[in-house]
Amino acid sequence: MKEDPVSLVAGVDSSTQSCKIVIRDAQTGALVRSGRASHPEGTEVAPDAWWVALLAAITDAGGLDDVAAISIGGQQHGMVVLDADGRVIRDALLWNDTRSAPAAAALLAEVGAAGPTGYAARAGALPVASFTATKLRWLRDAEPENVARVAAVALPHDWLTWRLLGYGPADESPLGPVLDALTTDRSDASGTSYWSPAANAYDFDLFERALGRPGVEAVGVAEAELEFELVDELEEELEEDLLDSAGEGAAGSGSLPRWVSEPEGLPAVILPRVVQTGEVAGVTVAHGGDLRFDANDVENPADASGVIPAGIIVGAGAGDNAGAALGLDAQAGDVVISIGTSGTAFAVTDHPVADLSGTVAGFADAAGGFLPIVVTLNAARILASISGLLSVGYDEFAELALAAQPGSGGAVLVPYFEGERTPNRPDATATFAGLTIASTSRENVARAAIEGMLCGLADGIGAIRALGVETQRVMLIGGAAQNPAVQAVAAQVFDVPVSVPTPGEYVADGAARQAAWTLLGSRPVWPVTFVAELPVDTRAVIVAQYRAAQLLGSVPRR
Ligand SMILES: Nc1ncnc2c1ncn2[C@@H]1O[C@H](COP(=O)(O)OP(=O)(O)O)[C@@H](O)[C@H]1O
Ligand SMILES: O=C(CO)[C@@H](O)[C@H](O)COP(=O)(O)O
């Protein structure tokens, strides 16, 4: 029997510390190749560093010549502001930059939390410094000269997708600064604080309140409404058409851009088009010969943002945690705990949630549903800091922690090293408590770091559960999840069984699964394997002493 040609798909995770890419078989999910490249440190980064890292990771993975579709997952909330020429106006403020904490408080005071006009109902979450809207308010107040130059606002994954599609500043990209070609997806849009998961639409009033200028949603590359046949003899004509039409539609081409609201006024700011069910970015494409889908035929949440001129379909992409949920094929009842630069606890539901306390953010997922999530600023880097203090690598750090008893002899670390997002304490610092001559040992300090980190995430599970969301199993992922001491303590802190998926890049895997979904037209069924199943081994002393230490407060940041 003739074998189906293997279609390969690529998934990217452009996260805080690095860019990772996986290339998988679209039908089976089998891993074929992978690559990675590092990102610069800091909470304020030039987006070009992400672009350079993406290209390096693609090269490290052997290129995309045999890939049929690609999707980009990434760190959420980052503020990427573009001028009319498609140039980045200033370095992006990332999710872990807390300078916009006062702006978050001001926006919340102006709009309120509760009721139909409050943030919880309108944006699914209360604004905190991580969210894009608060960064835009900071920009309005701190850099008004830059606000006047803003022609579009995008998130990290949106901007990388736009560049990958061939758009960008005229001297850096084949298709030029077509801001209307910017796209995003529901999951990442839901992390802005100006897009409504419940309404499935932008809340332009919340956007204008943040930046002080009106917003408008991008309409997609109009020219791409035409049907293209991506075959060799037409490819030249296609690229000429796109370049011509991009020239007509590009901002700064002499004619007023579509989005100008009043000639004498500042134009409305372009917000990426939210690619979702039934909508392709205007491009209908015959890819790989007979495969064809039309703008009105694709009925699934994994629609395309467009097509790279070489013929590679580009999926909508996703926020990193929604990508991980897709990569793990998380179902109702699963709670994913990811311990990377950020710590996250999230579930998948079929209905939007809104938490008036601000602990749970009611995001959307990348599969047409919703993703209630709790995020901590402090996670894997706690262990990096304490293992450095102890002058040990992660293996010896694990040995030290496993040599201590549950409760670390009474030593407790409340790990708000970088301030904390949940609870919303941007000015907090970390606190070691319960230190006595007897409890202050290398073993107890190592274990206390892990216990403190996991107690914060256990609080997240409790907050999600309190909203009526099923939480029957933890799936433990992220760089620190591979640490055996983290796994052992997780079973003692969480009150549900803990499954540890095989080490992998689940955000990138989710993006690859989305790319396959977009390519094949239905959600692929790929296997997920596990390396450990940990039964509940709750040791109540750990959480009890953590609670007591939390009440001590902390010395404010200097
Ligand atoms: N065995 C380990 N024990 C503890 N932390 C680890 C271990 N291996 C990696 N890490 C940490 O995991 C983090 C990277 O995890 P990852 O999920 O890739 O983060 P991100 O997605 O935020 O880039 C780094 O901070 C690294 O120090
Ligand atoms: O802020 C969030 C989600 O709300 C984080 O998940 C960031 O998206 C970055 O996470 P990592 O780089 O740690 O994956």
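Each residue's number is its place along the chain shown, starting with 1.
Heads up, the Cβ atoms here are built off N, Cα and C, so glycines get one too.
Taken from TrEMBL as is:
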ACT_SITE  ASP320  active site, proton acceptor
BINDING   GLN76, HIS77  substrate binding site
DOMAIN    9-207  domain 'Carbohydrate kinase FGGY N-terminal'
DOMAIN    336-518  domain 'Carbohydrate kinase FGGY C-terminal'
SITE      ASP13  site 'Important for activity'
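Overlay of TrEMBL annotations on the structure.
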residue : record                        : Cβ contacts under 8 Å, 6 or more apart
ASP13   : site 'Important for activity' : CYS19, LYS20, ILE21, GLY73, GLY74, ASP320, GLY323, GLU505, VAL507, ALA508, ALA511
GLN76   : substrate binding site        : TRP95, SER130, LEU155, PRO156, ASP188, GLY191, GLY319, ASP320, ASN321
HIS77   : substrate binding site        : LEU94, TRP95, SER130, PHE131, THR132, LYS135, LEU155, GLY191, THR192
Filtered recorded positions, from ASP13, GLN76, ASP320, whose Cβ is under 6 Å from an atom of ligand 2: GLN76, ASP320
The residue listed as 'active site, proton acceptor' - helix vs strand vs coil (DSSP): helix
Number of other Cβ atoms within 10 Å of the Cβ of ASP320 (active site, proton acceptor) across all protein chains: 31
